[in-house]
């Protein structure tokens, strides 16, 4: 049982960090959502829906729009998907990957007195532990503890590096508990044989 848990943690860590790196953005369904990307005015940014390889369909039907803050989705839009921001400026070209995941249940505003932290790229959120299906790039999925945002309109952005560190911390804690369990078992065994 312990071996299976260790194997799960290790596999999940490798599983989600291979391939193209992408930020995982959680948003409450039926609320506004933002794929946060702030660049200079001289920088050109083109948003692409990875499923079609074209600009997102929501831009033409009015359910999303682009601003200097990034790609905004309206409350009428609630579709998961991988979006790519192509960044072009002088002597610099890059692509940011965002996997948008909508949460339909148990996604509500947390109490105001909950501890607050600063997330990736300045996103503010509350910690709320639980299990959720995390989707990585290229439809990779697995379960791991998650965090929920304190305000429905602000998404949580977790990089895959952060997820790897998160899983590594869990792995370390479980390893220490297992080591203590082994020590206690050996101690009881020696006492039983009078050593």
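Positions of Cβ are set from backbone N, Cα and C atoms, glycine also.
Straight from Swiss-Prot, the features:
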type: CARBOHYD; residues: 20; note: N-linked glycosylation site
type: CARBOHYD; residues: 61; note: N-linked glycosylation site
type: CARBOHYD; residues: 76; note: N-linked glycosylation site
type: CARBOHYD; residues: 88; note: N-linked glycosylation site
type: CARBOHYD; residues: 126; note: N-linked glycosylation site
type: CARBOHYD; residues: 139; note: N-linked glycosylation site
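Taking a C-beta cut-off of under 8 Å and a sequence gap of six or more, residue 76 (N-linked glycosylation site) has these contacts in its own chain: 30, 63. A C-beta separation below 8 Å, combined with a sequence spacing of at least six in one chain, links residue 88 (N-linked glycosylation site) to 43, 44, 45, 46. A helical conformation is recorded for residue 61 (N-linked glycosylation site) in the three-state DSSP classification. Using a 10 Å radius centred on the Cβ of residue 61 (N-linked glycosylation site) and all shown protein chains, the other Cβ atoms total 10.
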